[in-house]
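J.: Below you'll find the structure I mean.
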């Protein structure tokens, strides 16, 4: 009985299938949802690009910034596994890693967040442990009742959006003034694709285009990456008295900073 229960988590198609699953295994015989699998590549790669560009700052000043970004890469890998197999374990790890990204992000960046009450700064370690313990308890409950995961994500993501908007607008850094609007626009369109794929699948199948969840991956991945760029800039600026670096946001391709361009941080040593 116990073995059967464990096997249920790893069985092909034991998790939620998306609209593309109507064409499952047609592109590759061992990949259930090909487009949904491949579009995780930016989620895997972009955080590693930011880590590489900030490697000197991470080494010299604040190495903790690496953890939430590695978690985003892990989420991309988990999502790749989930959409390739559609098993329940992959689905839960994919979704729970998003909860942990938000948690670890908060733990790492909370010292430079303006909304965090200064009177609690002396109890920062306690606050961090409380956040981690609560998330661990929620994660355990989600394994017992997987449907709780969607509720946990909703409860975590709404205040996260408020914090992103507040911190970006209060940062006083010209390079990231437009980032809250940029992030929320990408996130809003991404989630509209997420809901449309789930609720209107028959319509997309009629049109022969069941790929809205794949577009969700691309836009949500870019939004998540942009969040890390914004808060990396805030961290660098907030600690400017403790290091020798200056940072500026650049864009690829071009320099106009359109919503579909990739922002990145140009890090240089301050001239003596």
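Glycine too: its Cβ is placed from the backbone N, Cα and C atoms.
Annotation comment: Swiss-Prot describes 34-54, 61-81, 96-116, 124-144, 148-168, 183-203, 214-234 as transmembrane segment. What Swiss-Prot records for 83, 213, 217 is Zn(2+) binding site. Per Swiss-Prot, the feature N-linked glycosylation site maps to 256; the stated evidence is sequence analysis.
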J.: Would you say which of the binding-site residues 83, 213, 217 has the most Cβ atoms within 10 Å of its own Cβ?
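T.: Counting every other Cβ within 10 Å of each candidate, the maximum falls on 83.
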J.: What Cα-Cα separation, expressed in whole Å, is found between residue 217 (Zn(2+) binding site) and the residue listed as 'N-linked glycosylation site'?
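T.: Between the Cα atoms of residue 217 (Zn(2+) binding site) and the residue listed as 'N-linked glycosylation site', the distance comes to 24 Å.
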J.: I want the residues beyond 83, 213, 217 whose C-beta is within 8 angstroms of the mean position of the Zn(2+) site's C-beta atoms, in chain order.
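T.: Checked against the 8 Å cutoff, the neighbours are 18, 20, 33, 35, 36, 37, 39, 40, 79, 214, 216.
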J.: At a 10 Å cut-off from the C-beta of the residue listed as 'N-linked glycosylation site', count the other C-beta atoms across all protein chains.
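T.: Other Cβ atoms within 10 Å of the residue listed as 'N-linked glycosylation site': 7.
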J.: Distance between residue 256 (N-linked glycosylation site) and residue 213 (Zn(2+) binding site) at the Cα atoms, whole Å?
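T.: Taking the Cα atoms only, residue 256 (N-linked glycosylation site) lies 28 Å from residue 213 (Zn(2+) binding site).
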